[in-house]
Amino acid sequence: MQSKGNLGLLMLILTGYLFIFTGSSFGSAYLLEVPVWESNCLSFSFSFLLDNVSMIFVGTVLVISGSVATYCKWYMAEELYYNRFMGLVWLFVLSMVFMILVPNLLMLLIGWDGLGLTSFLLVAYYQNNKSLSAAMLTALTNRIGDVLVLISISIFLSEGGWLIYSYHPVQMWLNLGFMVVFAGMTKSAQMPFCAWLPAAMAAPTPVSSLVHSSTLVTAGVYLVLRSFYIISSNPYVTQVLMILSLFTLVLAGSSAVFAFDLKKVIALSTLSQLSLMMFSISILLPSVAFFHLVTHAVFKALLFLGAGGVIHSNQSIQDIRGLSSLWQGLPVSMGAMSVAIVSLSGAPFMSGFFSKDLMIELSMMDSSVTYGCYLLELLGLIFTSFYSARIVFSVMLGSNYVNNSTLRINEHLNMQTPFLSLYIGAIILGVVLGSKMESFGFVVVLENYESLSVFFIPFAGLILWRGVISKLGSSPWSSAKSLSFFLSMWFMESLTSHPGKVIFFKGSSTVAQSLDQGWLELLGPQGVHAGLGQFSCLNEIVQKNYFTYQLVVWGLLVAGGVSLIIFM
């Protein structure tokens, strides 16, 4: 039974690569549309869009999900609720595939909400305080995006259709672009919605591999890609997206440099790469953003699975200060992490190099990118190389504060097979897609020094690491306040989550005091109760003194009558 399951997952991985290579040479687009409801002014249909973008991305999701499912057989083997966990994982993947294939914004909401619901359940899988708070933060942040998508649907309602890839409005809605962009930013954790992404690391590592490579966080980028016509028609939207994405890039890079949690460092690297994709869309290069989306998904999944092997084999230690010289003990996992880190840094001839190099060179040629924006981009990319070198020299090769055993650890076949399947993509996917897809065939014209600067970026972080690491302990950057600033992502976690909680609780307290405990009580049950009580007290007084009142009145009447008789 287990061999049949492994064979099925292997076929899923091969099918994914078949989709990728077929989609890269796919020149047509097919729209399968089934009418559901029609009227004189409005129609609704269930539709699927099959083009090169959807085929390549579905193939990427299948490759990564098949690899992660195989990996889970080793990583989650001792879990009591393994079947429930895998059911949630497959529901997660199904929601993402549904979102990729559906161009109808109304039906896309099913996959969009499915991702939000299953991510909440997967992040809260371990059912402790940390996991539950992280799941709640993830769910509430994604609710903002859900509301913005619903507002976008209401705007599309006035246009008579919901197809986002062919939006030709009767009336141009300037706010629609902002709605779509900010909805995508909540899912892709761009500033100021970035606090939930590191918190989601409370989920099991295989879930993190799926979330940070090809499902949840990439859903926002994919929505913005599909809505490119809406965004490009409003220059203010692209300018806002450019500024926020560049600041997110620098924020994520600088925070990852000072972070000690291995999974958090990798999560922040995901955030920096997502901001690069958003930046590419903002300068009207959606195909380059998609190119990097695919290559990044593969090598980031490989990096997370390698990190999961390290953590699982070292008694769940995630602090890089407690991990050292693991190359001898975990050669396969370290090899996987090495390939992924080299590709993440944009080293020549790896998948990440082709997409990231193209993105940087085209941004140099774009007149809308100012020198300040370009410097922020370079700074963020240097940070990427810096923390990549930090992982290599600390976890793999270095001797840190804890001396771990250098004995060879048995790496299970279910652990090695996903590494092999993702090795292929991390090494050759960039050159294959770059050579086969016509939309990636840009002509780059740069000066020699500009081209050399792009080539130098992967090594800049290495040089910076070797020069700074010896002085970091005595540097003002290592003070408690500086570390607190960077480890809290520029206090973004407090600024985006704490004020919302304060406003919500104080607002609810005010509403409760003024309405629930105020006017509603005064005019409602308590007011009626008080009024009836006063009336009953008055009635009781009247009833008690009724005979006395009657006797007094009768006496007065008799006295009055007698007086009249006597004096008359």
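Placed from the backbone N, Cα and C atoms, the Cβ positions cover glycine too.
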Listed range which Swiss-Prot flags as transmembrane segment, given the options 111-131, 426-446: 426-446
Annotated stretch (transmembrane segment, per Swiss-Prot) among the listed ranges 297-317, 486-506: 297-317
Long-range Cβ neighbours of the transmembrane segment (334-354) (under 8 Å; 6 or more residues past either end): 269, 273, 291-292, 295-296, 298-300, 302-303, 305-307, 309-310, 326-327, 381, 384-385, 388-389, 391-392, 395-396, 419, 422-423, 425-431, 433-434, 455, 457-458, 461
Ranked first among 44-64, 297-317, 378-398 for CB pairs under 8 angstroms with the transmembrane segment (240-260): 378-398
